[in-house]
Each structure stands twice: as C-alpha cells, then as structure tokens.
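Asker: Feature list, courtesy of Swiss-Prot:
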type: COILED; residues: 12-88; note: coiled coil
type: DOMAIN; residues: 152-293; note: domain 'SGF29 C-terminal'
type: SITE; residues: TYR238; note: site 'Histone H3K4me3 binding'
type: REGION; residues: 240-243; note: region 'Histone H3K4me3 N-terminus binding'
type: SITE; residues: TYR245; note: site 'Histone H3K4me3 binding'
Amino acid sequence: MALVSADSRIAELLAELQRLLGHTQEERSRSEHNLINIQKTHERMQTENKISPYYRTKLRGLYTTAKADAEAECNILRKALDKIAEIKSLLEERRIAAKIAGIYSDAEPPRKTMRRGVLMTLLQQSAMTLPLWIGKPGDKPPPLCGAMPAAGDYVAKPGDKVAARVKAVDGDEQWILAEVVSYSHAANKYEVDDIDEEGKERHTLSRRRVIPLPQWKANPETDPEALFQREQLVLALYPQTTCFYRALIHAPPQRPQDDYSVLFEDTSYADGYSPPLNVAQRYVVACKETKKK
C-alpha cells in the first residue's frame, strides 16, 4: 500500500516539475526581449559615442527589470530542484521498503547477488546524480556538502551510504562502502550492510567506525572552501572496488562535474603513492588518521 502511495505522489511531483519547467521557459522568453533592448541601447551609445542622461536612466530601468526577471527565473528553478529532491527521496524510500519486503517475504525466492559490473555501474550513477549544492547569495555550504563534515549529533538514516570500518576475514580492518540498516540510540551503534554482498554480510558498529558520505556535491566555482585541498589526507573509494583507502588529494575539482584527482598510498611505488586516479566527490571523506611519514 505504501508503495502505491509513493508511486502516486511521484506522479504528482513529476507533473508539478513539468509545469515548473514550462514556467521557466516562459520566464526566459519574456526576459529575452529586455536583454535585447539592453544590447541595442549599448550599441546606440557606442554609435553616438556618449552617455546621455536619457541613456543612463533607460539602462538603469532595463537592468532593474533584467535583475527582477533573473530572480524570478531563479526562484522557479529552486522550486524545481526541491521537487527533484523530493522525488529522489521517495524513490529511495520505495527502494528500502521493497528491500525490507523482499527480506521478510517467504512467498518469493531469494534474490541473486548483483553482478559486480552492474554494482560498479550503479555506484557511478550514484556519484553522477549526487545533487549540486546551490545556495542563495551569502549562504554557507551545509554539513555533508562536499568535504563539510556531518554535525556532531548527526545520525545517518536507513538507506544512507557510509564508509564503515570493519574487520576482514583475515582479521585486518578495512573501510568499506556500506548501507545503513538501523541505528540504536541506546547502544550508540549502527547496523550496516556491506554493499558488495547485497545484504548478506551485516555489521554492528560504533558511531566512530561510520563516516556518512556527502549528500551534495560542492561547487568549486562558488564554494571552494567545501572541498578537500591539495595534499590533504582523505579516505577515497578505489576505482572499481567497494573499499576506501588512504590517499592524498592531488588536485581538487575545478568544475562542478569534475572529480578529485587523488594519490593512493601504495608501497609498490618508489614514493609510496600511486599515479593520480580520479574519484568522485561522493566517495571522498575525511581521514582522521595522521599522514604517513
């Protein structure tokens, strides 16, 4: 029943999103006439080689209108982004509900483990579709935007992806990509599933062994302070794996769609680090350990 309700709400939100996008285009078309007038006014001023009081007053009015038009379009786009965020949240809730129903249903046969190639593709898609933080002028990037840490009292929700420190079969500890199943406030412990095992291996971990992944990408052009900087020590997901390893930032992203360039610690190289490898913002988190000597 909950799944049907979610589907109905998603359909409503998609219709609202389509309406908002239509309004965006209308707003843009309406403001285009004003922008053309600004351009023509500047051309006339260049032809006459003077800035008369008339042109100064006219331009002031045109720019005031252009600013108001841009703000109106911006407000519509922000509403559209809110709808997209709500749709993604509902899709995630539906996925978790379906997963729980699958776990506790005896009527259906157990699902097969996901093929590794499919899993890697899903992880790449998750990184690509991570929303970009777009704040209003003067807004500071929130916790879990890029390199910004979670608030001290933050508790990851079921379904959230995290870096989790677990004991491997050989007894060594490693950081893995995991999904939160639950959190016990009484015990201050998480239950997480290893992503690579499709829920077959579950770990109970203290909060200090769990690092929430970013929920927004930071925009290097507007919020560079929300990115890890060159030579900063991090934990990064090694490409084509589901494990996090210590690495140094070689270069932060330059554009919103860019990845980090990182140097993984690797004793097989003379300087102790691998050649630069690209890792998405989604899979780079702070490392609390000290840099190796």
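Every residue, even glycine, has its Cβ placed from backbone N, Cα and C.
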Asker: List the same-chain residues at least 6 positions away in sequence whose Cβ sits under 8 Å from the Cβ of TYR245 (site 'Histone H3K4me3 binding'), in sequence order, or say none.
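Answerer: Within the chain, TYR245 (site 'Histone H3K4me3 binding') has Cβ neighbours under 8 Å at TRP175, LEU235, ALA236, TYR238, PHE264, GLU265.
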Asker: Please classify the secondary structure at TYR245 (site 'Histone H3K4me3 binding') using three-state DSSP.
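Answerer: DSSP call for TYR245 (site 'Histone H3K4me3 binding'): strand.
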Asker: Where does TYR238 (site 'Histone H3K4me3 binding') sit in DSSP terms: helix, strand, or coil?
Answerer: coil
